[in-house]
Each structure stands twice: as C-alpha cells, then as structure tokens.
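**Student:** Quick one: structure below, then a few questions.
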Amino acid sequence: MARENGESSSSWKKQAEDIKKIFEFKETLGTGAFSEVVLAEEKATGKLFAVKCIPKKALKGKESSIENEIAVLRKIKHENIVALEDIYESPNHLYLVMQLVSGGELFDRIVEKGFYTEKDASTLIRQVLDAVYYLHRMGIVHRDLKPENLLYYSQDEESKIMISDFGLSKMEGKGDVMSTACGTPGYVAPEVLAQKPYSKAVDCWSIGVIAYILLCGYPPFYDENDSKLFEQILKAEYEFDSPYWDDISDSAKDFIRNLMEKDPNKRYTCEQAARHPWIAGDTALNKNIHESVSAQIRKNFAKSKWRQAFNATAVVRHMRKLHLGSSLDSSNASVSSSLSLASQKDCLAPSTLCSFISSSSGVSGVGAERRPRPTTVTAVHSGSK
C-alpha cells in the first residue's frame with residue numbers, strides 16, 4: 001500500500017464496490033459519532049490494519065475539506081506517527097486504512113509497570129517531541145495532543161510510542177490564520193481559549209501538559225466547572241503540589257515551565273525542548289515514582305472515563321486469540337502496525353468538525369478527573385517569565 005506524492009485525490013482514493021472483497025473484517029475496535037473502526041485483514045497479503053468506516057452521509061457538505069486534510073495526512077511518514085496507509089471509496093462509505101497499533105495505551109503501560117522513573121517519562125516525551133517537530137517542519141499542527149492519543153507500537157518492553165488521531169490537525173500557511181477553538185479541555189493552550197490567532201506553539205503547550213501528567217499522574221488544571229477550568233488555563237497558573245512533586249527534579253519542573261509558558265512567543269519550540277537537559281542530558285532522575293504516579297492515574301484517569309471511541313486493548317486481545325503474538329514483531333508483512341483515529345469527538349476533518357471548547361462538558365478530555373487539589377503547595381507558577 002504505497003503512498004505517493006503529487007497525486008490527485010481521484011488517483012489515490014481507490015474505488016471498491018464491496019470493501020469486504022478486499023478486507024476480512026475481524027472485530028469492531030470502536031465506534032464514534034460518525035464512524036466505526038474495525039480490525040481488518042487484507043486478503044491479498046494477510047496484513048492487519050485498522051479500517052475506519054465513514055458513511056458518506058456523515059460527510060455531506062464537508063467533502064472538500066476532508067479530501068484536503070486526508071491529502072495532508074498522506075504526506076506524513078514518521079516512525080512515531082500512526083500512518084494513513086490507503087483510502088477506499090464505495091458508493092456509500094469512505095474507508096481510511098490505518099496502520100495498526102498492538103501495544104496498548106500509554107496509561108495502561110505505566111500502571112502495569114513495576115518500575116517507572118523520570119527517565120522513562122523523559123524518553124517518552126523525547127519521542128513525542130521528535131514526531132511533533134517533524135510535523136511542524138511539514139507545516140502541520142496537530143492541535144489535539146493528549147495522553148489518550150499516545151499509543152505503544154508493540155507489546156515489547158522497549159516499544160516506541162506512536163502519535164495518533166489527526167482529526168484536528170491543520171496545515172499552517174496558505175494565507176489562513178488558525179483561530180478555531182478546538183482541542184480537548186485541559187490540554188489546550190491559553191491563546192486557543194482566548195480565541196486569539198495561534199500557531200504550532202499550541203502543540204508545545206500540550207506536550208508540557210502531558211509531561212506534567214507523566215510525572216505526577218494528574219492534570220495541572222482541574223475544576224468540575226468548565227468556566228473555572230478555562231480561567232485557570234487562561235491565567236496559566238499551575239502548581240507543583242506536595243507531596244506528589246517532592247521527588248521530581250528541578251530540571252523536570254524547568255522543562256515543564258518552558259513549555260507551559262503563557263506567552264506563545266516565549267514558549268519553547270519542539271527544537272528548544274529537545275535540547276533541554278531533561279531530554280538531551282542526564283538530569284532526569286532514575287528514582288522509582290511508579291507507586292505515586294500509577295495511583296494518581298488510576299484515580300484521575302479511570303478507563304471508563306478516558307477511553308473514548310477506540311479500544312486499543314481489543315487489538316491485543318484479538319491477536320492473542322489468533323495466536324499471532326510473537327510472530328507479529330518478527331514478521332515483515334503482517335503487523336508492524338499501529339492505530340487510533342479515536343478523538344474525543346471522533347472528528348473527521350480539522351477545519352470542519354472541530355469540537356468547540358465552549359460546548360464541551362468534560363474536563364481534560366476524560367469525562368472528569370474528580371481529584372481534590374492537594375492542600376500543600378510546594379511551588380506555584382504563573383506560566384509567564
């Protein structure tokens with residue numbers, strides 16, 4: 001399933017009267033407001049993919065935008081980004097054939113670990129920075145980076161992390177200024193909530209939020225009332241609460257401060273962040289913080305709340321059932337793959353189906369983290385230098 005550049009949409013959108021003549025649908029991985037994602041085996045090769053099935057009636061009036069954005073996604077090729085492999089069209093459906101992920105979700109892996117350190121978090125963030133830097137060089141802004149969109153490539157202990165879900169991604173330039181309020185509450189940058197024009201810096205803010213969560217297990221901004229939550233984000237005031245941050249290095253906190261900087265012009269870029277000692281040096285500590293972080297993840301990101309349309313563990317379950325286990329990683333054909341098109345709103349195209357933040361009822365994209373704020377505070381940061 002080669003992806004080539006310079007093609008018209010008609011040449012890369014393959015016609016299929018009956019998709020099931022090409023793929024054998026194995027199992028439903030998830031459903032959303034506009035689509036269904038299924039585990040599918042390509043009959044000609046035996047390769048496994050995740051196929052997102054979108055009824056054309058859901059696309060009505062949005063065809064042009066969707067085609068433009070799919071064309072953008074087809075240009076992306078990076079080892080830490082889930083790939084769009086192919087596109088089929090039938091009289092009634094559009095089918096997006098995605099790389100299939102088999103390693104499960106980020107939070108699951110952290111909770112299941114017996115040992116987890118700052119160094120582990122630093123390694124994760126380094127991979128995210130590398131992938132997002134690639135996107136930014138391509139002129140693409142993801143706009144919905146969050147832990148739920150970070151998946152493991154395989155079951156392997158040293159598996160790389162993959163960025164998924166480009167439902168809200170957007171190309172910079174071409175004369176248009178990004179100003180649509182979209183993303184997931186709790187991870188969006190202040191300038192997005194302020195409805196100001198914004199840039200790729202919004203992704204860097206989100207990476208800072210993710211790094212924060214990876215080091216303590218709860219989000220930097222929390223309130224059961226969305227308006228108050230947005231107020232906190234707009235002010236960029238967050239805390240390094242005791243006792244949760246007592247064993248975290250000053251270098252890690254400095255790294256987060258530079259990404260969660262209120263002023264996007266002063267905020268670290270991906271390139272700057274990748275050069276920070278916490279990423280590029282030896283300042284990330286090797287002390288085991290698993291007990292504290294995993295306990296907070298269990299408390300604040302309950303599976304039933306933060307898992308949305310795509311259930312990555314269904315892939316693992318199905319593979320085990322088919323006894324594909326060890327052959328997956330060694331096979332050059334079948335499943336060296338990964339997926340997730342599951343965004344909170346199951347968005348289909350960046351410019352057409354952005355979820356307006358003001359209408360969201362969830363907190364931080366996980367339904368609601370019902371975490372009481374710790375009463376002892378070791379440090380408060382205003383998000384502005």
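Note that Cβ sites are derived from N, Cα and C of the backbone, with glycine treated the same way.
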**Student:** For which of Thr28, Thr123, Thr180, Thr269 does Swiss-Prot record the feature phosphothreonine?
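**Tutor:** Cross-referencing Thr28, Thr123, Thr180, Thr269 with Swiss-Prot, phosphothreonine lands on Thr180.
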**Student:** Looking at Ser122, Ser331, Ser364, which is the one Swiss-Prot tags with phosphoserine?
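**Tutor:** Checked Swiss-Prot: the phosphoserine annotation sits on Ser122.
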**Student:** Any idea which of 185-191, 290-296, 318-324 is down as motif 'Nuclear export signal' in Swiss-Prot?
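**Tutor:** Among 185-191, 290-296, 318-324, the range Swiss-Prot annotates as motif 'Nuclear export signal' is 318-324.
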**Student:** Which of the listed positions, Lys26, Lys57, Lys113, does Swiss-Prot note as SUMO2 cross-link?
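**Tutor:** Record lookup, Swiss-Prot, feature SUMO2 cross-link, residue Lys113.
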**Student:** Compared by Cα position, which of the recorded positions Lys113, Ser122, Asp144 is the closest one to Thr31 (ATP binding site)?
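**Tutor:** So, spelling it out, the nearest of the recorded positions is Asp144.
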**Student:** Return the member of Leu29, Ser35, Val37, Lys113, Asp144 nearest to Ser122 (phosphoserine) in space, with distance defined Cα to Cα and candidates limited to these recorded positions.
**Tutor:** Lys113
**Student:** Given Leu29 (ATP binding site) and Asp144 (active site, proton acceptor), what distance in Å do their CA atoms have, once rounded to a whole number?
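**Tutor:** Answer for this pair: 21 Å between alpha carbons.
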**Student:** Which residues, sitting 6 or more apart from Lys113 (SUMO2 cross-link) on the same chain, put a CB under 8 Å from its CB?
**Tutor:** Asp120, His290, Ser294
**Student:** Which one is it: of the recorded positions Ser35, Ser122, which Cβ has the fewest other Cβ atoms within 10 Å in this structure?
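**Tutor:** Minimum Cβ neighbour count within 10 Å, taken over the recorded positions Ser35, Ser122, occurs at Ser35.
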